[in-house]
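Enquirer: When I checked TrEMBL for this same protein, it listed these features:
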type	residues	note
ACT_SITE	CYS364	active site, proton donor
DOMAIN	60-289	domain 'Orn/DAP/Arg decarboxylase 2 N-terminal'
DOMAIN	291-391	domain 'Orn/DAP/Arg decarboxylase 2 C-terminal'
MOD_RES	LYS76	N6-(pyridoxal phosphate)lysine
Amino acid sequence: MCMKPRGVLLAYHTRPEIVPSRPGGPVATSAPSYLPMVVRERRTCQLQVVADVHCATCPQAWRAAMPRVVPFYAVKCNPEPGILKLLVAMGAGFDCASKGELDMMLHMGVPPSRIIFAHPCKRPSDIRYARDHGIQYTTFDTVSELHKIAQMNPDFKCVLRIRADDPDARVPLGLKYGAEVSEAAQLLQTAKDLGLQVVGVSFHVGSACQNLSTFSGAIEDARKVFDAAHVLGFNMELLDIGGGFTGHFDEMGNVMFGEIANTINTALAAHFPPEMGVRVIAEPGRYFAETSSTLLTPVYGQRDRIAQDGVVKKDYWLTDGLYGSFNCILYDGQTPAYKVVRSPLLPDSAESRTFSSTLWGPTCDSADCVYKDVLLPVLRNGDWLMWNNAGAYTVAGACDFNGIEFTTPGKLYVWSDSAVDAELSEEKVMEM
């Protein structure tokens, strides 16, 4: 049983009995145990995020899958204070990419030794902040960045980021960051000429990696760079294998990137055996955050449209859209799945027909459309759509366009003692 940090958790919940919305399929007949409370207390129907902090068990599952690799949570994925406080209390490390993220983690009491400033092209103001606050490790991948570091903070422990693309990743990153292995010799020589410390190698295979060989090839390339750095006299101590790990678990609570973990473990044993004394870290974001949050979007507007052939189509307005959590559709390649939840404050619906429907976001922008022509039952103002696995790269990328407060949704923290959606008894509902 994991210790529950004081002040982080607001409530427990029981498992919702909800079925997926599908053509001709049934609709939920009972709402989650916490939904009536949310609706009654939040009568304005603002967006609600229910953060399931099951991620307390994620470090245990990670250690079981990759015991040599220390996770540094990618703050950019979801800087939700409840999740961050939980990970801080559990002693996690953190991958930060800006002054704002560094400041956030330092103010939560994270020591600089548990932070890596993992941005290969940093703004000068961010470098100054990191220098003044004792941040030690940072990444680079260009000669320009080395000169910037030499001028502004030559005491940085520099980590060379190399390119390692998974062609099947949901979001490939190699077009923007990561030096080719063939460029490593020049970069290392430049660092030596500038009197800088190069202490390691990093890479990122891309978000939601699918290809096993990408990790093994990247680790092999990293060893080549290590060897070249040793020839130049650098004391190489750190390997950062980046992110790209799924946050889903099987029914037994085991991580579902098991094959990738096995590939990484085998490659580390071959190219970075323990006797080398190299510290291995990773930068998982999605792994911790993806399944941590459930998005609840009430319907607050509707319209019937009659097509030329006389077919009725439905339009529905939701409290969230592309400027809010659903920016993940544009920027993270996600196709969020939804479930229909009938409002506990409305009479039971006897309507069983389904209609081709469009889901609109709340802004005035006509491009603010979540889904077009999806089959849905008849919804009423006050019914809800529930979106599971809404914790990764969702609200973190939101903006308050039109003055709509996408970035500060109403929140209810809940607790799950398991990595899977274990059912908890009703008597565990409580205030913290």
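Note: Cβ is positioned from N, Cα and C throughout, glycine not excepted.
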Enquirer: Report the same-chain neighbours of the residue listed as 'active site, proton donor': residues 6+ apart in sequence with Cβ closer than 8 Å to its Cβ, ordered by sequence.
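Expert: Non-local contacts for the residue listed as 'active site, proton donor': ASN402.
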Enquirer: Taking the Cβ of LYS76 (N6-(pyridoxal phosphate)lysine) as the reference point, list residues of the same chain whose Cβ is under 8 angstroms away and which are at least six residues distant in sequence.
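Expert: Listed in sequence order: ASP95, ALA97, GLU101, GLY285, ALA396.
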Enquirer: Summarise the model confidence on the domain 'Orn/DAP/Arg decarboxylase 2 C-terminal' (291-391) as a single mean pLDDT, whole number.
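Expert: Taking every residue of the domain 'Orn/DAP/Arg decarboxylase 2 C-terminal' (291-391) together, the mean pLDDT is 91.
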Enquirer: DSSP three-state call for CYS364 (active site, proton donor): helix, strand or coil?
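Expert: For CYS364 (active site, proton donor) - judged by DSSP and reduced to three states - the answer is coil.
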Enquirer: With helix taken as DSSP H, G or I, strand as E or B and everything else coil, how many residues of the domain 'Orn/DAP/Arg decarboxylase 2 C-terminal' (291-391) land in each class?
Expert: 7 helix, 47 strand, 47 coil
Enquirer: According to DSSP, which of helix, strand or coil covers LYS76 (N6-(pyridoxal phosphate)lysine)?
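Expert: Assignment for LYS76 (N6-(pyridoxal phosphate)lysine) reads helix.
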